[in-house]
Amino acid sequence: MHHPAEHSPLGKTSEYVSRYTPSLLFPIARAAKWAELGLSAATLPYRGVDIWNCYELSWLTPAGKPVVAIGEFSIPADSPNIIESKSFKLYLNSLNQSSFDSRDALRAVLEQDLSVAAGAAVGVRLRSLDEVAEEGVGRLPGRCIDELEIAVDGYERPRPELLRCDAGRFVEEQLYSHLLKSNCPVTGQPDWGTLVVDYRGPALDPASLLAYLVSFRQHQDFHEQCVERIFLDLRRLLQPQALTVYARYVRRGGLDINPYRSLVDVAPDNRRLVRQ
C-alpha cells in the first residue's frame with residue numbers, strides 16, 4: 001500500500017521558489033492513519049494541537065527591506081489534514097522575495113493558506129527573535145527516565161505489551177524521555193524527539209515506559225501518528241483520570257513539529273528544548 005506522502009515533495013529533488021506560491025502546500029488526510037488506530041474523526045478520544053515552529057521565516061517590506069521572525073503555527077489535532085513538512089518548508093521559502101505591507105498582513109495570509117490546507121482554522125503567531133530569546137530554553141517538569149536500566153531486543157515496531165502499571169497505587173506525575181526516535185515513512189530519515197507523559201491514574205512503571213518508547217526506534221510514521229499511538233496505548237493500559245502526551249521533535253529544514261494530545265484542556269508550553 002502506497003503512503004499518501006509519496007505524492008508529496010518529500011524525498012524528491014525540488015526547485016526552491018522565492019515568490020509567494022500557496023499551491024506548494026501539500027495536505028495529507030489524517031483519516032487513513034486514524035483508521036489504522038481504530039479511530040475516526042467522530043471518535044477521537046483526545047483534544048490536541050500540532051505546534052510547528054519555523055526558524056527560517058523571512059519576507060520583504062514594501063521598500064524591499066528583509067524582515068525575519070520566528071513563526072508559530074497551531075494546527076488542531078482534529079483537523080482533516082496534516083501538512084506535509086517539506087511542502088510547508090517550500091511554501092515558507094516562497095515568501096522570501098515577496099513583499100507584504102505589514103507583519104499583520106503576512107499573518108493574515110498565512111492563516112488563510114494554512115487553514116485551507118489543514119481544513120480547519122490554524123493559529124499563527126509571528127514572534128520577534130528578541131521575544132523568543134527572552135524565553136530561553138525550557139526545562140521539563142517531572143522525572144527523566146533515561147538513566148533507568150532496561151534490556152532491549154526489538155526496535156522494528158511499537159510494543160505496547162511492554163507497558164506495565166501498578167493498579168493498586170494511584171499517582172499524579174510527569175515522566176519524560178529524550179530517547180524517542182522514529183523514522184520518516186517516506187525517506188527513512190530519523191526523527192529525534194523528547195516525549196512527556198503527564199497523567200493521573202494507576203502508577204506507570206517507568207522502566208516499562210522507557211522500553212516501550214525505545215521500541216519505536218525503527219518504526220516508520222509521522223510525528224503526529226507516533227504521539228497518537230502512544231496516547232492510545234497508555235490510555236488503554238491506565239484508564240487514567242487525566243492524560244497528556246506531548247512530543248517535542250528536533251527541527252529539520254528550519255521547522256520543528258510538536259504534537260500534543262490530552263484528555264484535558266489543551267495548554268502546551270511551547271518553549272523550545274535544548275535540542276531544538
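For all residues, glycine too, the Cβ spot is worked out from N, Cα and C.
Annotation comment: Swiss-Prot describes Cys184 as active site, thioimide intermediate. Cys184 (active site, thioimide intermediate) falls outside any helix or strand according to DSSP and counts as coil.
Residues or ranges marked as active site, proton donor by Swiss-Prot: Asp191. Sequence-distant neighbours of Asp191 (active site, proton donor) (same chain, 6+ apart, CB under 8 A from its CB) are Lys181, Ser182, Asn183, Cys184, His223, Tyr249, Val250, Arg252.
According to its DSSP assignment, Ile83 (substrate binding site) is in a strand. Within the same chain, residues at least 6 positions away in sequence whose Cβ sits under 8 Å from that of Ile83 (substrate binding site) are Leu25, Phe26, Pro27, Ile28, Ile75, Leu114, Ala117, Ala118. Annotation source Swiss-Prot lists substrate binding site at Ile83, Glu84, Ser85, His223, Glu224.
The NADPH binding site feature in Swiss-Prot is assigned to Ser85, Lys86, Arg252, Gly253. Arg252 (NADPH binding site) falls within a strand when secondary structure is assigned with DSSP.
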* Inter-residue C-alpha distance, Glu84 (substrate binding site) and Gly253 (NADPH binding site) (nearest angstrom) -> 12
* Asked: What's the CA-CA gap between Gly253 (NADPH binding site) and Glu224 (substrate binding site) in angstrom, rounded?
  -> 18
* Which ones in the same chain are close to Glu224 (substrate binding site), with CB under 8 Å and 6+ residues apart in sequence? -> Arg30, Lys33, Asp50, Ala77, Ile82, Ile257, Pro259
* Structure fact -> Smallest number of other CB atoms within 10 Å: among the binding-site residues Lys86, His223, Arg252, that is Arg252
